[in-house]
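Report on the following structure.
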Amino acid sequence: MSDIALTVSVLALVAVVGLWIGNIKVRGVGFGIGGVLFGGIIVGHFVDQAGVTLSGDMLHFIQEFGLILFVYTIGIQVGPGFFASLRVSGLRLNLFAVLIVIMGGLVTAILHKIFAIPLPVVLGIFSGAVTNTPALGAGQQILRDLGTPVDLVDQMGMSYAMAYPFGICGILLTMWLMRLIFRVNVEAEAQKHESSLANGHSLIQTMNIRVENPNLNNMAIQDVPILNSDKIICSRLKRDDTLMVPSPGTIIQAGDLLHLVGQPTDLHNAQLVIGKEVDTSLSTRGTDLRVERVVVTNEKVLGKRIRDLHFKERYDVVISRLNRAGVELVASSDASLQFGDILNLVGRPASIDAVANVVGNAQQKLQQVQMLPVFIGIGLGVLLGSIPLFVPGFPVALKLGLAGGPLIMALILGRIGSIGKLYWFMPPSANLALRELGIVLFLAVVGLKSGGDFVDTLTQGEGLSWIGYGIFITEIPLITVGLLARIFAKMNYLTLCGMLAGSMTDPPALAFANNLHATSGAAALSYATVYPLVMFLRIITPQLLAVIFWGMG
């Protein structure tokens, strides 16, 4: 059997064994995709014992390409929400998550200096303790750039594997301790979160208002400031028994019923100006109007603003809402359409069909992947990661590397959405498939390279002390920030659990947090809020630590 065939066969065996290990769960918690690392260690041990030689160049390529696929698809997935998460609404959560990352780096630096832990080993312990695989890849990349011998770089994978198991268990232990210390009632916390959402600014709601302000009688909608804004959409108007789709030039009269869409505060302000909220239904049932959701798939409208498409003037159709990446938004006239946007249309059936044809509404396109943008994005990401950043006093130039470059580029492209006929939308199923393939390939190779010496290191070497160092790196930041967030910021327990899981970019921990309450989405929401920024910082941190330690050494 050729070297290539043998290498592929062994990798396939690693994936099978590792995924099987990952599916084993104790009390609903397992290693998940991280099981592939341990599958690689097991197979790597026996491959080494048997004296089998695999293709080193091929393993190196597969490891790097797998990492690129993984971080790129993560960036495309979270890109649309990344920059929004940095705004004020998620600022507090992100600050606490950043504090966890910084404290983890400080603990790592202190351990490195006190116990004289070799640089590759301490970086591997750091990556495993925070359960972040891209950090492992970024650390190995910068060590190679610094001229570290290959056998020492491979030690990073071994120390990562030592620290990884407690990294997963440690976050779950922290959640349990927070619940025990503060005697948390999970049901009460879920109800508090729901009530805070209802009073917040994040939910799009509707309100039916009767026009009672005499100053508005016989005025056009466009002349009423609160209605002629990007915060409120008037999608229906009922006069006597007639329901119509209003346009900016529609004249409103006293007694008209307006169906408004917007955020709660804006709707309340509109009600104070216009009149009184009523319970009267403005349903399209029994009328010649209907409400329908269509999806944007036509490349010709991508990037165009809603106002420039003139749907109301041409088709007598109003867009009442816009759903982007699962987030409901007010369909402001300045909003630009992106591939995969879901539009809520109000109008007559024939008119809605006409608008649907304009925007595409081809459901099958949502299941197709444009491969050209994928490779353009990966290529640009690799180029970005290769740009040297020279910092005075540092022995080598800093680089985003093969982990950071594709991630940053994917975040930018995911936020842009489309350029001309190229769109970076990727169906969730395709994104997940590429992401899982990438991380399986990466972890399989890391495990194989670590497996030969793993048992000896654990039983006769420094393995147990590495595990101990990892426990400090995992627990000190989590417990400290958890206490600060709960005591001083009065953070909701479920939100806190999601933030802690997100700060470690740990899907098994998120699964555990979600299972704390069957219906609350608090943990998932906070996890998604901090995940993009934390993922970026987790990739940059080992590179900074490596360069700083190298310069000090």
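Residue positions begin at 1 at the first shown residue.
Keep in mind that glycine also has a Cβ here, set from the backbone N, Cα and C atoms.
As given in Swiss-Prot:
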TRANSMEM  4-24  transmembrane segment
TRANSMEM  28-48  transmembrane segment
TRANSMEM  65-85  transmembrane segment
TRANSMEM  95-115  transmembrane segment
TRANSMEM  158-178  transmembrane segment
DOMAIN    192-276  domain 'RCK C-terminal 1'
DOMAIN    279-361  domain 'RCK C-terminal 2'
TRANSMEM  371-391  transmembrane segment
TRANSMEM  393-413  transmembrane segment
TRANSMEM  437-457  transmembrane segment
TRANSMEM  464-484  transmembrane segment
TRANSMEM  493-513  transmembrane segment
TRANSMEM  533-553  transmembrane segment
- Task: Look at every Cβ pair spanning the transmembrane segment (28-48) and the transmembrane segment (371-391), keep those 6 or more apart in sequence, and say whether at least 3 of them are under 8 Å.
- Result: no
- Message: With CB pairs under 8 Å as the measure, which of the listed stretches 4-24, 158-178, 437-457, 464-484, 533-553 comes out on top against the transmembrane segment (95-115)?
- Response: 464-484
- Item | Interface present between the transmembrane segment (464-484) and the transmembrane segment (437-457) (three or more C-beta pairs under 8 A) | no
- List, by number or range, the same-chain residues at least 6 past the transmembrane segment (493-513) whose CB is under 8 A from its CB atoms? 28-34, 93, 96-97, 100-101, 130-132, 167-168, 171-172, 174-175, 178-179, 182, 184, 186, 189-190, 193, 477-478, 481-482, 485-486, 520, 522-531, 534-535, 538
- Report, as numbers and ranges, every residue of the chain located at least six residues beyond the transmembrane segment (533-553) whose Cβ falls under 8 Å of a Cβ in that stretch; write 'none' if there are none. 71, 74, 78, 82, 85-86, 94, 97-98, 101, 104-105, 108-109, 112, 119, 122-123, 126-127, 130, 132, 134-136, 138-139, 141-143, 146, 391, 393-396, 398-401, 403-404, 407-408, 411, 502-503, 505
- Near the transmembrane segment (464-484), which residues from the same chain, at least 6 beyond its ends, have a CB less than 8 A from one of its CBs? 96, 99-101, 103-104, 107-108, 111, 115, 117, 121-122, 125-126, 128-130, 159, 162-164, 166-167, 170-171, 173-174, 177-178, 181, 458, 496, 500, 503-504
